[in-house]
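S.K.: Before we start, here is the structure in question, set down as structure tokens.
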Amino acid sequence: MTTRFTGLYPATLTPFNKDGSINLEGIDKYAKHFIDGGMDGVFVNGTSGESMSLSINERKKVIEEWVAANKKHNGKLQIIAHIGAQSVEDSKELAKHAESVGAAGISAMAPAFFKPKSLEQLIEYLNEIAKAASNTPFFYYHFPGITGVDFPVHKVLSEGAKKFSTMRGAKFTGYDMRDLNKSISLEGGRFDLLNGFEFLWLPAVSIGGVGAVGLSANLCPELFRDIEKYGQDKDAKGLAKAQEAQRKIIQLFDIIEKQENYMSPFKHIMKWLIGIDFGPVRTPLKNMTDSEAEEMIKQLEALGFKTNQ
């Protein structure tokens, strides 16, 4: 029986200590927060997790800690490990490791330095990685805004599935709704599409989307659940709830995008929300000042967001 990936998958942050080392102990409480909140899974070591600023060994330790915490708290989180890297050998090593420790799925974006110049080259690259974890569902991480690689996802899925049987779907972090629509409906809905831009979640649900990966799901999963529940509602009142939830998510990002990156603001938000000190972001990313963080929290409270502490 094929394992499907649907629902809400928060994109996880990586907690650091003040000295720049990873705060592995913080992951346990972080995981419990998502388990208690009824999340369907988590997307670990992605963009939000600063994966490209971590060493291979650090990425392994982070995945190990997430899997261990999920088991410890009797969680049912589907843990998707992003194993993309600039070296295909590093990606293969991370893929093997993720499978060995029990990750539910793996995901890789295209390399951003030596880029594949054709769809065929991209498929061969993904196939090489997927073969390293031949029993684990694979998701193509489509993020052209970062990688500069922008082949139609529905073609990546259909051609990739001809090469390796573990092709399960894609984390679709792009703006092309036509491509997303084709990907969702491809082969009768065979593939699982996880929308990666939270401000497009309602449009994605309206065309049949059933999954999302989002950094803001750390703060406001209830808004995503409203969109998930009412996004295709034929009743005007239900649809209005979904529309209001989408508007609030956009308002949230209007506040967050005043900063140079998303990760530093959300690290401050999560400390305010659940009391975990996520520490700084790694250079060259810019850290918010305490005064900037205080002003941001005031704006979030004005929008109706509340701390869990």
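The first residue you see is number 1, and the count goes up from there.
Note that Cβ sites are derived from N, Cα and C of the backbone, with glycine treated the same way.
What you are looking at is a predicted structure, and each value in this text was computed from that prediction instead of being measured.
Not my notes, these are from TrEMBL:
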type	residues	note
ACT_SITE	Y141	active site, proton donor/acceptor
ACT_SITE	K171	active site, schiff-base intermediate with substrate
BINDING	V213	pyruvate binding site
S.K.: Sequence gap of 6 or more, Cβ distance under 8 Å: name the residues on the same chain that satisfy this around V213 (pyruvate binding site), in order along the sequence.
M.R.: Y9, P10, A11, F43, G46, I80, K171, T173, L194, N195, G196
S.K.: Which number gives the other C-beta atoms within 10 angstroms of the C-beta of the residue listed as 'active site, proton donor/acceptor', all protein chains shown included?
M.R.: 26
S.K.: What is the Cβ neighbour count of the residue listed as 'active site, schiff-base intermediate with substrate' at a 10 Å cut-off, with all protein chains included?
M.R.: 31
S.K.: Could you say whether, by DSSP, K171 (active site, schiff-base intermediate with substrate) belongs to a helix, a strand or a coil region?
M.R.: strand
